[in-house]
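Undergrad: According to Swiss-Prot, the protein carries these features:
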| type | residues | note |
| --- | --- | --- |
| BINDING | His563, His567, Cys673, His677 | Zn(2+) binding site |
Amino acid sequence: MPSLNEIRSTFLNYFGAADHAIVPSAPLVPQNDPTLLFVNAGMVPFKNVFTGAETPPHPRATSSQKCVRAGGKHNDLDNVGYTARHHTFFEMLGNFSFGDYFKEQAITHAWTLLTRDFALPKDKLLVTVYHTDTEAADLWKKIAGLSDDRIIRIATNDNFWSMGDTGPCGPCSEIFFDHGDHIPGGPPGSPDEDGDRFIEIWNLVFMQFEQMAGGERVSLPKPSIDTGMGLERIAAVMQGVHDNYDIDLFKALIAASVELTGVRAEGAQAPSHRVIADHLRSSSFLLADGVTPSNEGRGYVLRRIMRRAMRHAYLLGANEPLMHRLAPTLVAQMGQAYPELRRAEASIVETLRQEEERFRVTLGRGMGLLDEATAGLSAGGVLDGETAFKLYDTYGFPLDLTQDAVRARGITVDTDGFDVAMDRQRTMARANWAGSGQTGAAAAWFGIKEQSGPTNFVGYDTTETTGTVKAIVLDGAPVEAAQAGASVDVLLDRTSFYAESGGQAGDTGVIEAHGVESRVTDTQKQAGDLYVHRVELAGPLKVGDSVVASVDAARRTTTRANHSAAHLVHAALHHVLGPHVAQKGQMVDGDRMRFDFSHGGPLTADEIERIEAEVNAVIRQNVPAQTKEMAPQEAIEAGAVALFGEKYGDSVRVLTLGESLTETGKAYSVELCGGTHVARTGDIALFKIVSEQGVASGVRRIEALTGEAARRFLLDQAGVAKALADQFKTPVAEVLARVDALVAERKALERQLAEAKKQLALGGGSGGAASGPEDVAGTALIARVLDGVGGKELRGVAEEFKKQLTNGGVVALVGVTDGKAAVTVAVTADLTAKFSAADLAKAAVIAMGGQGAGGKADFAQGGAPDATKAQAGLDAIKAALAG
């Protein structure tokens, strides 16, 4: 029985032997395609090839593409764990022809692979074709010898594929496997086709038409092939099981989950183990491709997946975080096919652990609230949207997690009510990932590229070059010429200007034409490898002009230093913090460097000092930087660090900086990078971290300066220290101790002042007699307006007044500071059933023009912007007490 890994290899090797380029899986985050949340099909990385926007590097290709369907239009999340074939992560095996072979060869390849290499019984296979695609039906008869009853014609769009309202499209032919008559279900096209007997295992798409805007379909001059076979589905067939979760990969993951939880994967507990196994896979691969859990966009989808699995771990009784302990099993199963899993294993484990620890803090309380809210509901009942929103807002329960939690009891959630609460509160904003495709300008650049070819970048060796204007784009449209005063995008045949990529800002400078210098304010990449200059024209410019392009050399020098320093920081973070650190982003320009990385908490002063010391030690080595061109896989196997989610071409530039501080003969930093860098580490001169902060859950950011900017920063810091020393009349070395003493003295004085205010407040104040409480409809009330007493002091004053109410009562205080009012209400225990401090405080705040108050039945506080209405607030409380 072949393993999942063996099946994948057999597929790729078959097509590799048939002159297909074996293409590694693209990252799950789509490259240069904002219209997609995640890669969700095997053809996505080839989208621009099929549309004609890019030239295919090979006429034939094959791949096993990582895919995620857990958000947006394609969302399988709710079904995962409860069905035999739904997954959030799956692998799509595919073979592709870009204008090379067509239907006959595609069908021949499919039939040969399935019946010869996969050894599937021929009598177990049947196919569907689009009802008008007689050509495909005839080919199935000719090649496979299928009878008419095993070639089913389908008239619906299930067997006609299109990319959108316009673009390439064509009929499909789907191949089905018959599990046997002991499984319920009918063949495709029959009334009971949704049964599990006949399972689709391969879809062949014949792209032979182009859909025009007016509704017409025209034949493509070079039709193409796009096929997709779910690896998990074909593995189930070949391993003789009917359920994807019974294949070898999932059996190993579920066995590990069973071992760690001590709960068998049977009965009501089986879906939980399946959810954990599936979600571990999608979470780990998303983390490996650079996605981090957050509250918006892709990061929020990842967090939803992780938390759904973590709730199921909670249901299994796992007392400690579980997911991170399962990750090594996944890496052992899939790390050979996907080396990025192995490279990111430490980071995956750490992120899973941190996220589960954070969620477990609120998970138990949230489940308690959910149990309480659903206690009176039976099957068919509906959980109100307000409670679902509270679970989301307060306890971090995504809506689908709440829906999943109540589904076993037959309870649904009022999603409309949830949406109303979400809209009202507006506490979170999720990015709208639905896009409309490429802009007209971007499409124009693809057309220009077909005529011009890629830009010849010579900026590694020089900052000035002569070039020819190949294209000018004004307001998104190509033009032949432009006049002074226009802001245009200019393409040259060769340039020394670096275009923004890899976190390095685009170069600025000047372009000289006809003796006039025009300012270049930015340089960006278009259509993959066109270096486009944003130019503020000071004179006329036309296509074909010869120009001199000069980079701002001073800015390029500092940018180089900052970029090289970022590489050294990356290496230093690994040494100081550990191998879990992964780069999450960077921005380097002529002013400073910013580096984002995965780590669970703030850096200590000692860690920051050690990072600075390492980087400056490598700078002082003053050894030459080394660059080398090689294939991406060769570079990674040689130890170069590749950035997750970065798209690399057939050849990459490998940068080596410095010598190891601990191992003789080893380099300090080796990374794949196409940016501009220093010639020697000593050119960086000096490195200084100026800030360190968190920017997202599990992501920290370092900002730093190099060279002259770092020197000026240190001089400024020294100047501040000297000024303080002069002010305190003490040596610089003793300034910190002097400041600590002053801070301690101030805190002591503040405590004394607060106590004095409290004692003064207890002696009187407007709004009531200082001698004791007043009677309001039988309730004792102490009401005061206290000038100069803030919220912190009010609590202590309220507690003291409360002690005076020996027979029960209410304390209502309004503190006035800086024209604003702070309201504090305290209710004795014997009256909380009758009066709520929270309700009384809210009434006072609203009467004073505020929004509301927070607290409990015995104590509450709130604030209002207008202190002149303090008495109105107390009057509102009196009215509430009087009923």
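Cβ from N, Cα, C; glycine included.
In terms of burial and nearby residues, how do these features look in this structure?
TA: Following the DSSP three-state reduction, the secondary structure of His563 (Zn(2+) binding site) is helix. The Cβ of His563 (Zn(2+) binding site) has 26 neighbouring Cβ atoms from other residues within 10 Å, across all protein chains displayed.
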Undergrad: Which of the listed binding-site residues (His567, His677) has the least company, meaning the fewest other Cβ atoms within 10 Å of its Cβ?
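TA: Minimum Cβ neighbour count within 10 Å, taken over the binding-site residues His567, His677, occurs at His677.
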Undergrad: Provide the number of Cβ atoms within 10 Å of the Cβ of Cys673 (Zn(2+) binding site), excluding the reference atom itself.
TA: 26
Undergrad: Within 8 Å of the Cβ centre of His563, His567, Cys673, His677, which other residues of the chain have their Cβ, at the recorded Zn(2+) site?
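TA: Residues close to the Zn(2+) site, other than His563, His567, Cys673, His677: Gln504, Arg560, Ser564, Ala566, Leu655, Leu657, Glu671, Gly675, Thr676.
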